[in-house]
Amino acid sequence: MAPLRSSAITQGVQRSPNRAMLRAVGFGDGDFSKPIIGIANGYSTITPCNVGLNDLALRAEAATQAAGGMPQLFGTITVSDGISMGTEGMKYSLVSREVIADAIETACNGQSMDGVLAIGGCDKNMPAAMLAMARMNIPGVFVYGGTIKPGKLGGCDLTVVSAFEAVGQLSSGKIDEAQLTAVEKNACPGAGSCGGMFTANTMSAAIETMGLSLPFSSTMAAEDPEKAESAARSAEVLVEAIAANIRPLDLLTREAFENAISVIMAVGGSTNAVLHLLAIARTAGVPLSIDDFETIRQRVPVICDLKPSGRFVTVDLHNAGGIPQVMKLLLDGGLLHGDCRTVEGKTLREVLADVPSEPPADQEVIRPLSNPLYAKGHLAVLKGNLASEGAVAKISGVKTPVLTGPARVFESEEQCLQAILANQVHAGDVVVVRNEGPVGGPGMREMLAPTAAIVGEGLGDKVALITDGRFSGGTYGLVVGHVAPEAAVGGMIGLVQEGDSITVDAQQQLLQLNVDAAELERRKQAWVKPEPRYRTGVLGKYARLVSSSSKGAVTDQP
């Protein structure tokens, strides 16, 4: 075992006062030579995603002690994307990724911890933990809180997205208030993160693929006993990783990121994975660009039939073999790097050795590579004069991948949603929601409320929506987010005028404002940088520090 970092606070006569304080929190004579392991506990009653995390933290604490480590629990915050969606509060969602990462780094480095076991549930918890691990590079493992089980109504599976879409269905007269209430009461039946292949489940799958959480753990249901057992085993593995000196940057290689992108394409994951993986790679010092997602998309098919665009939820994926089954298919197809290491000290090829080469015959969630849902990945990178740094479109299930239409321009999500619910957005329109980027929002809000309302209105295949903000993992339709440069820093999206012709072409990866160059130059010269919406507080600080979405929207990189 390498020398323990914690010896800086536990060894020598000069550290007697330090030991005195540690004795007050449970250390005994024999404990000062053991590795100190931080357990970053995201427990919160704010959201069902995190409500079960304390039980996992306590199991991990006990397992750490039994394995020969000394656990120290500390709390991290969360912001519920689903609850804050469509409000000013959503501006704090992406910001919380940085706050959580900063908190984990601060606690672990401030207390000279030897390793960290991070437990999270809601969307930003996962990338935040990875950012912190990449910054510190001390042995670490991530424990996902688990997915929620599907709600049931009339024999159909429900997720929280069902409730968002029901709002649009009500406004278009397709359902009444009693039916809306029935969906509301049944959509979220218990603890766990939103149940489709939305952002939380996408990022947990990516972390499992990159080897920083245990096999099968990313698709377990939050309320099933195996979830707590996995938390305990994760603690044991972390103690072993400290002894073997296995560190995050040993695992977060270029090949590991390519594997994560491949799995995300195969399962039909969230657009937010682009932003988060770019941020983690940048922090880890791994060269990765938005163009790499397009390169991998071209060769990796979508083989999982999962919500929001498909039929099944994440517990169904787990029962069909989980992420290891998906990885085995990709590995056998030459689409995965099998030599990447995991926190257990094994290679991916070794981890997958006993996984069947074909998915179970009695399920329809995972398809063989020979019969994919879509021949290419679903996260397309679009470029053009509207997005010189790139934009991201989720095109799985899209019946209209190409649309040229008049721009309907909105300066905020609220303006856009009001127009949709007032039936002021029509088939063929290209909805533009701007000044919602990392700087302009600030915070790059997710546009689930407008997109769900569009679907609920029956316009999901007839309207395109583009934004310098983000989209929820629960979004589907012809939607293009992460448009960069954003409006607030002079991006072309800020020059669009009502009625301009815009082409969104997911097949040719094109996002184009069809206005002649002379007129665009005139508009550019007349453009005035908008005043910051916030000058002080967390959002003011974030807006001053944050990078472009094309670079992961991080706050600690030059």
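Placed from the backbone N, Cα and C atoms, the Cβ positions cover glycine too.
In Swiss-Prot, the [2Fe-2S] cluster site is described by Cys49, Cys194, and among Cys108, Cys122, Cys304 the residue recorded at this site is Cys122. If you measure from the Cα atom of Asp81 (Mg(2+) binding site) to that of Cys49 ([2Fe-2S] cluster binding site), you get 10 Å. A gap of 5 Å separates the Cα atoms of Glu446 (Mg(2+) binding site) and Ser472 (active site, proton acceptor).
The distance from the Cα of Cys122 ([2Fe-2S] cluster binding site) to the Cα of Ser472 (active site, proton acceptor) comes to 12 Å. Within the same chain, residues at least 6 positions away in sequence whose Cβ sits under 8 Å from that of Ser472 (active site, proton acceptor) are Asp81, Met85, Val161, Phe198, Thr199, Ser270, Asn272, Glu446, Met447, Leu448, Thr451. Sequence-distant contacts of Lys124 (Mg(2+) binding site), defined as residues of its own chain at least six apart whose C-beta falls under 8 angstroms from its C-beta, comprise Thr78, Val79, Asp81, Ser93, Leu94, Ser96, Arg97, Ile100.
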